[in-house]
Amino acid sequence: MSIKKRKAYELEITDLAFGGRGLAKPDGFPVFIDRCIPGDVVFAKITKKKKSWAEGKLIKILQESSLRKEGKCQYCNFCGGCKWQQIGYDLQLEYKKRHVTESMQHIGGLKDVLVKDVIPSDNIYEYRNKMEFSCSSKRWLLPWELENEEIKKDFGIGLHVPGTFDKVIDIKRCEIMPDLGNQILDDVRNFIKESDLPAYNLRTHEGFWRFLMLRHSVAFDTWMVNIVTTFKQMDVVRDLASVLTQNHPQIKSVMNNITDAKSGVSIGKEEICLYGKDHIKERLGKFVFKISPNSFFQTNTRSCENLYAKVSEYAALTGKETVIDLYSGTGTIPIWLSDQAKMVYGIEIVKSAVVDAKLNAQLNGIENCEFFEGDIKDVLPGLKQKPDVMIIDPPRVGMHKDVVQQVLYISPEKIVYVSCNPATLARDLEMLAPEYDIKEIQPVDMFPHTYHIESVALLLKK
Ligand SMILES: C[S@@+](CC[C@H](N)C(=O)[O-])C[C@H]1O[C@@H](n2cnc3c(N)ncnc32)[C@H](O)[C@@H]1O
């Protein structure tokens, strides 16, 4: 069968590929299709055709795979949040492990690395401690909404159709956020509907209401509500804050970020505290952390503890070591390791994260953590301390190649590499492999119902 662009074909999905998409191989030619799982027979239209692969858009499932499960969420076939709800959790974990193993083999050329079974997430629903919902003056209608003439294509607040900037699904209930978040979301929706100010139009960039960001502290069961608007209208946002805090005493912080930037970022040029404190607190193990509206904090609190416990196990510190943590964020890993090491140094590029890291160390009475602000490739060469152990937890793009060279030059006895992207992990490990034995990799699931997987790798100097 010769695959042609814009034509539709009946295809059998035989595998799950990188990025979580279904893979069909008509006459050996790979075609990737979103929202399909192995065993599905589908009708799909080819949207992109390259020399050695193609991409298709699912039109219809002709025959459902026996592996398919009923998704708990009514939006799971449309929303970009969790595309894997139709796959049972055990199978999700198997695919995630395989994805890590295959990345090592195919991207890193690392054939014999031991990849352990994935540590599952303690909760597979209601696990996210942070959600961000977009407001739209013209929401996207779902198939069953199109049939209902009462429903208009007006204001909506929710999550995007994957790959779109302007298609917002009006989400009434999100299953991966704790239940109270849905009640807050509903109160905000009702308030905005009745307000005189318009929601943001994602095409013309006009309108007032832009985003709603919710953060939840698992340990203290408290909430932060961050309302993002395009301009300042204090009377209105204060009214909303008072409705919310009267209805939900668990809300301990209401913030207003104000931004007229056209990009879809919820960080305001101005930030006003409307109610309570400008942060909430969360606990990881025995340590408490201050979380501001725009601080980076791992989004699955309980799994983050599993991840950091693995970091501790691999680092196997005795209290005598000097540790350098590259990409230290708000200082969570240095603080977590503080009572296991002599001294921990963190390097982080975002100024506010470094400020938070220092405050977090103070908050926990810790004196053996020091934080440096700047790009690692500039800061690391100037650091005098020779580390016994290096922790590396870069963003999805992985390490800059100059940083890999610097790490090889510094040559610590042990490296613990934490990664949220198996592809860049494999690429970076390949560069470190001439000098280091890759002892094992432990995947940790922090994102049930998505193809994302976190991994911790232990590397020992040869
Ligand atoms: C995956 S996060 C890890 C944060 C932290 N380890 C944690 O678990 O919360 C990656 C961090 O790297 C920081 N970062 C990205 N590029 C950087 C660079 N070139 N130099 C220093 N830090 C960087 C980001 O700001 C972010 O805080």
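Going from the start of the chain as shown, residues are counted 1 onward.
For all residues, glycine too, the Cβ spot is worked out from N, Cα and C.
Listed in sequence order, PRO395, ARG396, HIS452, ILE453, GLU454 are the same-chain residues six or more apart from CYS420 (active site, nucleophile) with CB atoms under 8 A from its CB. The active site, nucleophile feature in TrEMBL is assigned to CYS420.
What TrEMBL lists as active site is CYS420.
Residues or ranges marked as S-adenosyl-L-methionine binding site by TrEMBL: GLN298, TYR327, GLU348, ASP393. In three-state terms derived from DSSP, TYR327 (S-adenosyl-L-methionine binding site) belongs to neither a helical nor a strand segment and is classed as coil.
Per-residue pLDDT, averaged along the domain 'TRAM' (2-60), amounts to 92 for this model. Residues annotated as domain 'TRAM' in TrEMBL: 2-60.
Residues GLN298, TYR327, GLU348, ASP393 are recorded as binding S-adenosyl-L-methionine; their most distant pair of Cα atoms lies 15 Å apart.
Each of the binding-site residues GLU348, ASP393 was scored by the other Cβ atoms within 10 Å of its Cβ; the lowest score goes to ASP393. In the three-state DSSP assignment, the secondary structure recorded for CYS420 (active site, nucleophile) is coil. Taking the Cβ of GLN298 (S-adenosyl-L-methionine binding site) as reference, residues of its chain lying under 8 Å away and at least six apart in sequence are, in sequence order, CYS304, LEU307, THR332, MET446. The Cβ of TYR327 (S-adenosyl-L-methionine binding site) has 20 other Cβ atoms within 10 Å, all protein chains considered. Listed in chain order, the extra residues whose Cβ falls within 8 Å of the Cβ center of the S-adenosyl-L-methionine site residues GLN298, TYR327, GLU348, ASP393 are PHE296, ASP325, SER328, GLY329, THR332, ILE333, PRO394, PRO395, VAL418.
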